[in-house]
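Let me begin by presenting the structure, written as structure tokens, before commenting on it.
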Amino acid sequence: MSDRKVFVFIGPQGSGKGTQAALIASRHRYSVVAMSHLLKAEVEKQTPLGAAIDRIMRQGGLVPDESTVQLVRQFFESCPEDARIVFDGFPRTLQQAQALDTFAPVTRVVHITLPHEVSVRRITGRLICPRGHNYNRYYVRPREEGICDVDGLRLVIRTDDRPEIVAERLKVYEAMVTHVLDYYSTQGKLVTVNGDASIEVVRQAIEDRIIGDL
């Protein structure tokens, strides 16, 4: 029987779920499994599945269930039986949640909420340095407009952070996530935390709710 412990972090883009997943994982010796990383790795392998995923993401779409479930299945096939895992960005649909239960029982699900308008502002304001230093036009501005403080490179806006693409992505997310939240709520595994606060305040709120399960 598997001794794996699996936590799931759910939230709209801009909610900070990735940041919070990493913080909790680091503080409690878990490994973060980000769906975005699994997708990127498959694209870089240049497999037929990776090519299909790449086309969808370039158009701002969501990768279909069968593809994401396949990637998670591959992950668990090489995962130790005593692994301690925090999923970031999976599951996003009811079908994905049901599939995850066949790989490993979920211990707890953390739902980080954020008002729609705040999510849009956080995402569309992102400025990306080619070397990984991130800024935001509304929250963390560079000293010189459009230029990275660290290495002087020009900052760019990701093509999928355009307002019209963001709005469509959030609309699709909101339509699907309700079923996932209901699924885990029925199981008594769901906790909800307000993400419209500082990183530390949100982190503490999460730990207060799940510390007994870690």
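Cβ from N, Cα, C; glycine included.
Copied over from TrEMBL:
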- Gly14, Ser15, Gly16, Lys17, Gly18, Thr19, Arg126, Ala197: ATP binding site (BINDING)
- Gly61, Leu62, Val63, Gly89, Phe90, Pro91, Arg92, Gln96, Arg158, Arg169: AMP binding site (BINDING)
- 126-160: domain 'Adenylate kinase active site lid' (DOMAIN)
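Calculated from their C-alpha atoms, the gap between Ala197 (ATP binding site) and Arg158 (AMP binding site) amounts to 25 Å. Within the group of binding-site residues (Ser15, Thr19), the Cβ with the highest number of other Cβ atoms inside 10 Å belongs to Ser15. On the 0 to 100 pLDDT scale, the domain 'Adenylate kinase active site lid' (126-160) averages 92 in the predicted structure.
When each of the binding-site residues Val63, Ala197 is scored by how many other Cβ atoms sit within 10 Å of its Cβ, Ala197 comes out lowest. Neighbour density at the Cβ, taken as the number of other Cβ atoms within 10 Å, is lowest among the binding-site residues Gly14, Gly16, Gly18, Gly61 for Gly61. Shown for the domain 'Adenylate kinase active site lid' (126-160): DSSP residue counts in helix, strand and coil, namely 2 helix, 10 strand, 23 coil. Every protein chain shown contributes to the tally, and the Cβ of Arg92 (AMP binding site) ends up with 20 other Cβ atoms within 10 Å. Neighbours of Phe90 (AMP binding site) among the binding-site residues Gly14, Ser15, Lys17, Gly18, Thr19, Arg126, defined as a Cα within 10 Å of its Cα, are absent: none qualifies.
A simple way to gauge crowding: the CB of Phe90 (AMP binding site) has 24 other CB atoms within 10 angstroms, across all the protein chains here.
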